[in-house]
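S.K.: I grabbed these lines from TrEMBL:
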- 50-134: domain 'Kringle' (DOMAIN)
- 180-255: domain 'Ig-like' (DOMAIN)
- 267-379: domain 'SEA' (DOMAIN)
- 584-747: domain 'GAIN-B' (DOMAIN)
- 752-871: domain 'G-protein coupled receptors family 2 profile 2' (DOMAIN)
- 1-21: signal peptide (SIGNAL)
- 752-775: transmembrane segment (TRANSMEM)
- 787-807: transmembrane segment (TRANSMEM)
- 813-837: transmembrane segment (TRANSMEM)
Amino acid sequence: MAFTLSTLLLSLLLMSRTSTATVPTIGNGQGASSLTTTSAGRTATTFTTECVIGNGVTYRGSVSVTQSGLTCQRWDSDTPHRPEIHKREYVNAGLVENFCRNPIRGFFGERLDRPWCYTTDPQVIFQICDIPQCSESTTTPPMPSTSTITTTITTTTTTTVTMPELTSPTESFTHTPLHPEVLSSPSNASKIVIGETVMLTCTTKESDGSYHYSWELDGEILPAETNRVFLYTAQTEGTHIIACHVLHQSEQYTSWNHILIHVLNKDTVTLACTMTLRLNFTSDLEQLDSPRAMALVQQIELWVQSAVQNKSIDGIVSVRIKAFRPGSVIVDQNIYVENAGTSEVELIPNVAAALTQAAREDSLLPVDPESIGMRSIVQCLEETVEVNNVTLTFPATSGGRFAYSTERCPRTTLDGGLPRGSRSCSGDIGTGMVWSQPFLLNCNHNLQTLAETNVTNTNLEDVATALQLLTLDGSSLTVTDVTHAAQVLDNIATVPSVVPTDVGYSALYTVNQILDAPETVLKDTQSMGLPPSRIVRSLELMLDKVNLDGTRFHRILPNIAVDSMEVPVSAFSRGLGFEWLEGEVLYTVEDGQRILKMQGEGGARYAGQVEASISLPKSLLDKTDSEGLTHVRLNLVVYQSSKLFQSNQSGQSTEGMPNSRVLATWITNQSFQDLPEPVNLIFLPLQEDKAAQTNVCAAWDFSLAGGVGAWSPQGCTYMGSTTDGSAMCSCNHLTNFAVLVGHQDKKHEAPLSLITTIGCALSLGGLVITLITHLAFKSLRRTKAHFILINLCLALIAVLVVFFTGLEGAKGNSIGCMSVTFLLHYCLLAAFLWMAVEAFVLYQALWKVLGVETHLTWRFALVSLLIGWGK
């Protein structure tokens with residue numbers, strides 16, 4: 001498509017309800033050297049073609065040689081130099097052909113003072129171009145107002161300008177028919193801050209064929225990233241080139257393309273700003289790459305930079321528009337201040353004041369001064385509020401956390417010492433962090449009264465927040481406290497309505513705090529018939545109906561991590577994977593550094609720092625798709641310990657202790673059993689010394705142990721270990737998974753049980769026959785040896801009878817278990833003592849041959865009975 005000046009003007013039109021454009025004829029000696037976007041007399045943007053204004057950012061001429069005479073390299077070419085600046089990321093910079101330009105951020109993120117270009121000389125990467133400065137008549141056009149926006153062309157020479165034809169961004173990088181393209185989400189994420197995550201998707205115009213994907217970051221291949229989707233989290237500042245390589249596996253040819261992302265330095269302060277423009281909202285503003293949106297974006301960027309600079313705020317200011325929303329035109333944007341000389345706390349009111357003053361004094365951009373809002377993207381600032389005539393002060397709190405008031409309940413109340421109030425700080429990098437409504441605790445409530453409270457939709461949030469406060473010190477919880485807390489969680493989960501997001505987070509924090517309780521407390525709770533696993537059930541019920549914050553309910557806490565999200569059914573076509581990572585620099589929690597990461601298509605990556613990972617099979621698509629579903633709710637929970645998974649280990653359970661995190665995955669309102677493709681899991685052992693023992697992959701089965709639940713190996717197979725010692729498991733269903741050690745081998749249980757039964761039965765039969773024979777013949781009862789043999793048979797018969805009848809009957813019964821243990825110990829001890837008496841008699845027979853009485857006497861019988869059966 002030919003690129004003419006009229007096409008360029010289109011990107012600057014439609015800035016208000018009334019727009020006009022005057023475009024001269026191009027050709028035959030009539031050209032344009034200056035293009036000015038105005039608003040009734042005031043300058044907005046001036047483009048030049050024969051000279052430069054200032055640093056030449058607005059130069060759009062056709063000079064294509066450097067000041068030393070080197071020919072410029074095309075902006076869409078990767079030889080002899082790979083461009084760090086590309087027209088897809090700098091859509092407003094006029095990067096066409098090989099013409100000299102000065103993109104707004106310049107080379108490697110630095111602003112140059114003149115237009116420049118890459119050179120065709122392999123030894124010279126880039127060089128400044130020699131273009132004259134414009135005259136004052138060109139650089140001082142009239143100023144605009146807010147009523148109408150007019151686009152005009154000012155001609156200062158008669159040079160004919162023929163604008164070149166733009167090539168497709170993908171054609172310049174494509175050497176084969178695959179035509180790959182790297183798309184980012186959000187779409188305008190060419191400038192991000194450290195810690196921000198961008199989803200990059202490699203797409204091809206060809207829909208058929210089998211492709212293999214690989215990713216390259218700054219020239220270094222990432223061997224673990226082999227999926228079409230790459231989640232890039234910025235960790236180092238500077239400009240980064242991220243390239244996607246696509247290999248057609250059948251025809252063995254490769255294509256590639258790249259995207260450029262600039263990561264601001266780590267000291268950059270990012271502010272989330274919203275403001276309203278007095279303009280009519282039209283549907284084309286929903287797409288940031290539409291002509292009107294791009295023109296408005298550029299005008300806002302210049303206005304914000306000018307307003308902040310006029311207030312002499314230190315630092316380099318840049319702007320990233322996130323979205324335009326209806327309501328006149330509501331602008332969501334991030335304002336970045338690099339090398340700021342003040343703290344974020346001071347910068348927020350200063351920038352807000354600068355924009356407000358500019359909105360009141362400057363009519364260049366029709367901003368409503370009362371609509372300007374400024375927030376931090378990382379924390380909620382300290383605030384003092386009044387609730388029911390009680391003053392509460394909340395300290396500065398990081399986003400995604402709860403804050404507790406500095407005011408405490410009086411020591412004379414039931415809740416003496418606990419915070420009087422709490423509130424959450426929530427938001428994201430786009431909206432900024434905001435405080436929720438504060439909650440005031442009734443200091444005379446305790447867990448028992450809370451457990452007796454009837455939970456309804458009206459008091460749901462109050463009950464959840466009170467529960468969170470009452471369990472704040474998890475290490476001091478008692479068995480009674482845990483029991484009451486479990487009851488309240490059950491009451492919250494069984495409310496028939498949708499659970500609000502804040503209620504869900506309060507319940508999650510409560511579970512995290514309960515996991516701080518001593519393990520002995522949770523075991524005692526289990527022995528009282530109130531299993532902690534009911535807390536797991538309540539959490540799962542709540543996650544099934546919690547209101548997602550957007551499309552995701554996500555939180556990482558010291559003892560538990562949760563991710564509940566709506567995913568399209570089509571996402572299962574390539575498989576989904578999740579990883580629980582250790583040693584990441586982001587999402588720091590109290591017990592260290594952790595991150596729960598969705599790996600996207602293709603499943604999880606296997607890496608040494610992965611503590612737990614799961615790869616979901618593509619076969620999940622079959623059932624969800626067969627039911628006509630378009631989206632499903634996928635839930636993932638990681639427990640740092642197995643404290644809540646206490647069991648009597650009965651039925652088909654696997655006796656053993658978990659030596660890994662517990663990882664749970666399920667899909668709401670869906671049951672998956674006997675999947676044709678396995679669910680693959682990897683677990684890093686908690687204790688390496690136990691990892692050498694025999695491992696068994698197990699799943700928690702709530703149907704065992706009378707509904708309490710227990711670990712079961714059914715449906716799971718141990719697949720060996722990785723090079724770093726992690727255990728690999730394969731299961732055919734979805735539930736809670738872990739790796740156990742010190743388990744009972746159930747594989748040969750049936751034949752071993754049969755051998756034991758036959759052997760014990762033969763032993764019992766032989767003992768009974770021996771006893772009957774001695775009792776039937778009087779002559780066999782006259783000697784000491786036969787008397788001892790009769791009592792030894794009785795003791796051994798008692799051992800076998802108790803062993804056969806008592807063990808099975810005592811399972812799940814603590815009193816029965818203690819009784820069987822006592823009887824077994826007593827009967828075995830009696831057998832040993834009768835053997836000792838037999839040894840004494842045998843000693844006398846061998847060493848004291850003369851004078852030894854072998855016949856049974858009443859005195860010997862009495863003494864031996866007291867020794868053998870006890871006094």
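Cβ from N, Cα, C; glycine included.
Looking at the shown structure, what environment does each listed feature sit in?
M.R.: The residues of the domain 'Kringle' (50-134), classed with DSSP into helix (H, G, I), strand (E, B) and coil, number 3 helix, 14 strand, 68 coil.
Per DSSP, the domain 'Ig-like' (180-255) is made up of 0 helix, 45 strand, 31 coil.
Within the model, the domain 'G-protein coupled receptors family 2 profile 2' (752-871) shows a mean pLDDT value of 82, rounded to a whole number.
Non-local neighbours of the transmembrane segment (787-807) in the same chain are 760, 763-764, 767-768, 770-771, 774-775, 781, 816, 819-820, 823-824, 827-828, 830-831, 834-835, 837-838, 841, 856, 860-861, 864-865, 868-869; each lies 6+ residues outside the stretch with a CB under 8 Å from one of its CB atoms.
Long-range contacts of the transmembrane segment (813-837) within the same chain: residues 527, 788, 791-792, 795-796, 798-799, 802-803, 806-807, 864, 867-870, each at least 6 residues beyond the stretch ends and with a Cβ under 8 Å from a Cβ of the stretch.
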S.K.: By DSSP assignment, list the helix, strand and coil residue numbers for the domain 'SEA' (267-379), in that order.
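M.R.: Looking at the domain 'SEA' (267-379) with DSSP, the answer is 45 helix, 36 strand, 32 coil.
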